[in-house]
Amino acid sequence: MVQTRGQSRTPSKKGGKVALNGSPALDPDTPSPAPRTSSRAALQKHGQDVLAPKSHEYEFGGPIGALGVTLAVPFFSYAMFFFCNENVGCSVTPKHLDLIWKQFGVGLKESFLDVQGWAIYFAWYAFVVLCWAVLPGKWEIGTELRTGERLSYKINAFATLVASFVGAVAIISYKGPQGFTFLYDHWPALVSASIANSIGQAVYVYAASYRTGRLLAKGGNTGNFLYDWFIGRELNPRIGIFDIKTFNELRPGLILWALLDISCACKQWVKLGGRITDSMVLVVAFHGWYVIDALFNETAILTQMDITTDGFGFMLSVGDLTWVPFIYSLQARYLAFVPVDLGYAATAGILFVNGLGYWIFRDSNGEKNDFRNGTNPKNLKYMETKTGRKLLTSGWWGRSRHPNYMGDLIMSLAWSLPTAFNTPIPYMYPVYFLVLLVHRQRRDDAACKEKYGADWDKYCKIVPWRIFPYIY
Ligand SMILES: NC(=O)C1=CN([C@@H]2O[C@H](COP(=O)(O)OP(=O)(O)OC[C@H]3O[C@@H](n4cnc5c(N)ncnc54)[C@H](OP(=O)(O)O)[C@@H]3O)[C@@H](O)[C@H]2O)C=CC1
Ligand SMILES: CC(C)=CCC[C@@H](C)[C@H]1CC=C2C3=C(CC[C@@]21C)[C@@]1(C)CC[C@H](O)C(C)(C)[C@@H]1CC3
């Protein structure tokens, strides 16, 4: 599989560099830490202005926005379950609300007193950490930090995915599909445990960021407790050589998403007495492929803004650990109790929409990756900038400034179409995703404007559309 995201592969250099946050940078070929030069010496080189610059601007609506998202994400993660499940159905009517209200006590019990569900979640999390520690993987060096140093990351997310799939297949082969419905059956407890995990981690990294010498994210040090806790103060929180942000971004949430989908398919199999619908096959395959693709290209995230620029706070912890697995799998969970048979024509139509989205997503990311890696196989036009970096002005990047987002958004629609049109709830994912990517595009454009100055304005004149040509 080719690399699809990020700008370029991070250089795989040998050599013992110093990581500021107390963890030694690593020789990429050895899983054991290279000798530390002296983190204290490195600290002395950099003043507080470099390590912990004060942030003067709020994003995401400032502290009020931070509070809103902090409350909204857990609320919606529960609501999507309690408003849409096999006992109450998935309609949007006052009668339905009344029914949900009557189930409130049961919901509380299922969420907080289901010890087995909580145990499953934390056993799962421990398993993923263990895989990180014991499975082989090469060490890759990340992008240069503000301090001039680089951190190393163990690349074995794909091996973790394979180990998880092998485990799931073993359970299903041994016990049958009914033996793998336990994730579906403990859903509210799993949501609660993941929220508890994300709160715990956000509190930990916030407190740990006050240790001396931590490198803070430029936007996460406003001095407002709620906002900084939400956005994340420290850029690369680590426990020794374990990088908390990259670990959470790719492994526990994304793999759990794929496993929840499989569990939903097993539930449908049991419900229908030994078959799964074409719509379920499509959803599980589309999601599964997306997860495989992300984990196979693990190194690509090392150049993404979440890793290079943003801190790790509650927004990312709850996004990675709760939102991704439990909201992104909504369509599969819906189909588990409302089976939809699409037939050949609708299946072909949806395959076409997903294929179109995937092609745009992959081809546009590929064009940029090639270009940032110093090649231009399609001989695309580009413009020079004063920074010395070039910007593509033809091909996908000549059609809009974020063609890769367009592809991703088209795919997100294809993931909801298999649920048909009985209720709008399974379409919540593409709606959320549109909001996320429009916001992300604006943040990225602002960052590019800062980076390229007047050259970015010139590029925007050549390529006026932000995501969708002739629309936005
Ligand atoms: N499923 C999900 O929940 C999410 C998925 N994604 C996906 O992740 C992928 C990566 O997205 P993201 O990290 O946001 O950023 P992008 O991959 O879109 O990268 C943006 C960067 O590309 C460079 N760039 C911009 N224009 C040009 C050009 N014309 N020529 C060359 N380089 C250019 C700039 O950096 P520079 O010039 O410095 O190289 C810019 O900062 C996307 O496909 C997105 O859809 C993202 C978020 C969530
Ligand atoms: C509602 C809320 C708290 C949102 C926080 C946003 C996060 C859910 C997303 C921010 C960037 C993300 C990325 C992915 C998942 C969603 C979050 C965490 C990603 C890991 C999905 C798989 C992709 O292939 C990816 C690796 C490009 C992507 C990276 C960004």
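FYI, residue positions are counted from 1 along the chain as it appears here.
Positions of Cβ are set from backbone N, Cα and C atoms, glycine also.
Curation does not apply to TrEMBL; its annotations are automatic.
The compositional bias 'Polar residues' annotation in TrEMBL covers 1-10. What TrEMBL records for 1-40 is region 'Disordered'. According to TrEMBL, the feature transmembrane segment maps to 64-83, 118-135, 155-174, 186-207, 276-292, 312-330, 342-361, 413-435.
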Query raised in the report: Which residues of the same chain, at least 6 past either end of the transmembrane segment (276-292), have a Cβ under 8 Å from a Cβ in it?
Result: 1, 158, 161, 254-255, 257-258, 261-262, 264-265, 268-269, 328-329, 331-332, 335-336, 339-343, 347, 350-351, 354, 411, 414-415, 418-420
Query raised in the report: When only pairs 6 or more apart in sequence are counted, do the transmembrane segment (155-174) and the transmembrane segment (186-207) reach 3 or more Cβ pairs under 8 Å?
Result: no
Query raised in the report: Residues sitting near the transmembrane segment (342-361): Cβ under 8 Å, six or more positions beyond its termini, same chain?
Result: 4, 277-279, 282, 286, 396, 403-404, 406-415, 417-418, 420
Query raised in the report: Which one, 64-83, 312-330, 413-435, has the most C-beta pairs under 8 Å toward the transmembrane segment (186-207)?
Result: 312-330
Query - Folded-back contacts onto the transmembrane segment (312-330), same chain, C-beta under 8 angstroms, at least six residues removed - result: 60, 66, 69-70, 73-74, 76-77, 80-81, 84, 187, 190-191, 194-195, 197-199, 201-202, 205-206, 220, 228-237, 244-245, 248-249, 252-254, 256-257, 260-261, 264, 287, 306, 425-426, 428-429, 432
